[in-house]
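Peer 1: Input: one structure, supplied below.
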Amino acid sequence: MDIEDEENMSSSSTDVKENRNLDNVSPKDGSTPGPGEGSQLSNGGGGGPGRKRPLEEGSNGHSKYRLKKRRKTPGPVLPKNALMQLNEIKPGLQYTLLSQTGPVHAPLFVMSVEVNGQVFEGSGPTKKKAKLHAAEKALRSFVQFPNASEAHLAMGRTLSVNTDFTSDQADFPDTLFNGFETPDKAEPPFYVGSNGDDSFSSSGDLSLSASPVPASLAQPPLPVLPPFPPPSGKNPVMILNELRPGLKYDFLSESGESHAKSFVMSVVVDGQFFEGSGRNKKLAKARAAQSALAAIFNLHLDQTPSRQPIPSEGLQLHLPQVLADAVSRLVLGKFGDLTDNFSSPHARRKVLAGVVMTTGTDVKDAKVISVSTGTKCINGEYMSDRGLALNDCHAEIISRRSLLRFLYTQLELYLNNKDDQKRSIFQKSERGGFRLKENVQFHLYISTSPCGDARIFSPHEPILEGSRSYTQAGVQWCNHGSLQPRPPGLLSDPSTSTFQGAGTTEPADRHPNRKARGQLRTKIESGEGTIPVRSNASIQTWDGVLQGERLLTMSCSDKIARWNVVGIQGSLLSIFVEPIYFSSIILGSLYHGDHLSRAMYQRISNIEDLPPLYTLNKPLLSGISNAEARQPGKAPNFSVNWTVGDSAIEVINATTGKDELGRASRLCKHALYCRWMRVHGKVPSHLLRSKITKPNVYHESKLAAKEYQAAKARLFTAFIKAGLGAWVEKPTEQDQFSLTP
């Protein structure tokens, strides 16, 4: 092989090898190495085999080599200001200096730019800033911003990415508002939300104003930026402070266990009072400011679709997030009061639930009706054939039974005398019986998603850091005051409606059509968790359970879905009152709109032929701003319950369904049947919604509620037709008891 061939073969490695400092391996005297040395140290240069590359003139005794470049660490993409954004939309614009005034040390420049035949002027202490202001005015001409002059100044004209101050983060994300994109064609904006049928997440371009965007401005569409670290920006407190300087934030309260504190801060803006809660005061201030920005300046935060509240189809008297946070705070605060600020041994819990009642539009008037804890069911050997044991001690089930006690109390209050009728939540119905007074609503709070279908597919809180949507520079302002087309079933409240930018990565339910979705599930006896129902397990027998068969109890998701059809009043109370439904279901953690809405009502949307006044209730579904921390450790074997009017909590052994002394609970079937019998003796027969003569046996009294039983039958049929399984009922012997000894 000749020298030329060897040079060609080694040329590919020359760039790398020539970066070496050969001075380290050369003789110190500069003499030429021998053949042996050259063969070992040859770098493929032109000196031939066994020879080093000769030093070049001017090298000062050193081999000539290129310094290795350091690889730059990629930093955050710098934000695009209005000038850059306008140049991308309309390249080649000419800016003209109109005037320069003021003293030498403080000049004022005025620049102008012509866009689509319209001239926009901007002023500033430098030509650059004057051009920037002119570009901003040009952008505003075709992107409609309410309160643009104030808010754009406060935003500092930074690129923004989607963030969520309702997340479970202690520190604020750097930026607040979503950017805008120029769509290919003008489309009216819509509200983005989520329901069980169709999960809407805007992954395409959105028009930002009701007026059509000129075709000349709509081309070319701006590309979606890939994920990148968010640039520095301003949090809600900073923005609100620039819009309304000098605001004072007040500390209202502190609640919660030591590992899951919740602070409440307030601020008054333009005479309006706003509250915010968070795991620290800083976060609580931010959420109070966020509420003010939404209400007064119409500035709304983005949320990933699965975390957005899903509004009710009925009367909605409150702003969803405000209501959710208030209900959560009230239930947690009451539980703290009942357990000596969480220091009592019975404050230990896995799940906390409660029912809150509102009687108007002001959540300040909300009242806690019941509070409960618990995660376990009765052991089959402790079943009672006299209705003296609680079968299901899960917190949300106990809270609903506590609510029944309150309803009986309110009925008795109405039946006492005319003066007490005004204080009762009930009034006579023109259709017979009683109904709730106008604007009386009940809200169910659960510290985590209910067991069963709602929880099984959303076992973790979403990681919001990886679930942001990125759009082009600019600020997106959502003018929800104007009438905009909106898909049915999505957000109807402007304060919670948000536009989603392209690229939202947190998925909704990726596999909504899988067979496992929506299946009826049963709880595990004396344990936690649920399993799907078996096709042949719809009937349980008393002797079979006593001989060792597992006692099956339907999951909380399934029971709440049942309440959304037959009502929360149950069969006995339905003889007196019209169906009562929860107006909202609020989760303290593990909220996922798609899974929760499916579990609560979407999976039985095929239900039909319901009796009069019965319906498929679709309550408000929402998480809370400050998601509750996970409760670690083993679940306690006890359940706690309290109803308004009680002096103290009642502690029940979930395994036996009775208290530690073996006494029956005030929530057991026997106790509630006693309350029903007492009310039945006071209600005139013409006010009964279902006629029943000489009630004696608990089971027969329940069957007398004909319309309720018909609605329940339609519900069970809907589950079967949807292929979700058959409802598993308890052994009938449990209900074959009377109050007479």
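Cβ from N, Cα, C; glycine included.
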Peer 1: May I ask you to name which of Ser26, Ser458 Swiss-Prot has annotated as phosphoserine?
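Peer 2: Record says Ser26.
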Peer 1: Between 237-242, 393-398, 573-578, which stretch does Swiss-Prot give the note region 'Interaction with substrate RNA'?
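Peer 2: Going through 237-242, 393-398, 573-578 one by one, Swiss-Prot gives region 'Interaction with substrate RNA' for 237-242.
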Peer 1: For the set Ser149, Ser262, Ser557, Ser605, say which residue Swiss-Prot annotates with phosphoserine.
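Peer 2: Swiss-Prot annotates phosphoserine at Ser149; the rest carry no such entry.
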Peer 1: What range among 83-88, 287-292, 587-592 does Swiss-Prot record as region 'Interaction with substrate RNA'?
Peer 2: 83-88
Peer 1: Lys376, Lys428, Lys669: which one does Swiss-Prot list with Arg400, Arg401, Lys559, Arg562, Lys702, Lys712, Lys730 for the 1D-myo-inositol hexakisphosphate site?
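Peer 2: The record-listed residue among the candidates is Lys669.
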Peer 1: Measure the Cβ-based neighbour count of Cys556 (Zn(2+) binding site), defined as the other Cβ atoms within 10 Å of its Cβ.
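Peer 2: For Cys556 (Zn(2+) binding site), the count of other Cβ atoms within 10 Å is 29.
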Peer 1: Which three-state DSSP class does Cys556 (Zn(2+) binding site) fall into?
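Peer 2: DSSP call for Cys556 (Zn(2+) binding site): helix.
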Peer 1: Going by DSSP, how much of the region 'Interaction with substrate RNA' (83-88) is helix, how much is strand and how much is coil, in residues?
Peer 2: 6 helix, 0 strand, 0 coil
Peer 1: Around the Zn(2+) site (His394, Cys451, Cys556), what further same-chain residues have their C-beta within 8 angstroms of the site's C-beta centre?
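Peer 2: Nearby residues not in the site list: Val351, Thr375, Asp392, Ala395, Glu396, Ile397, Pro450, Gly452, Lys523, Thr530, Ser555, Ser557, Lys559.
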Peer 1: Taking DSSP as the reference, which of helix, strand or coil describes Cys451 (Zn(2+) binding site)?
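Peer 2: It is coil.
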Peer 1: Would you mind checking how many other C-beta atoms are within 10 angstroms of the C-beta on Cys451 (Zn(2+) binding site)?
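Peer 2: If we count other Cβ atoms within 10 Å of Cys451 (Zn(2+) binding site), we arrive at 24.
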Peer 1: Just give the helix, strand and coil counts over the region 'Interaction with substrate RNA' (237-242), going by DSSP.
Peer 2: 6 helix, 0 strand, 0 coil
Peer 1: Through the lens of DSSP with three states only, how would you label His394 (Zn(2+) binding site)?
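Peer 2: Assignment for His394 (Zn(2+) binding site) reads coil.
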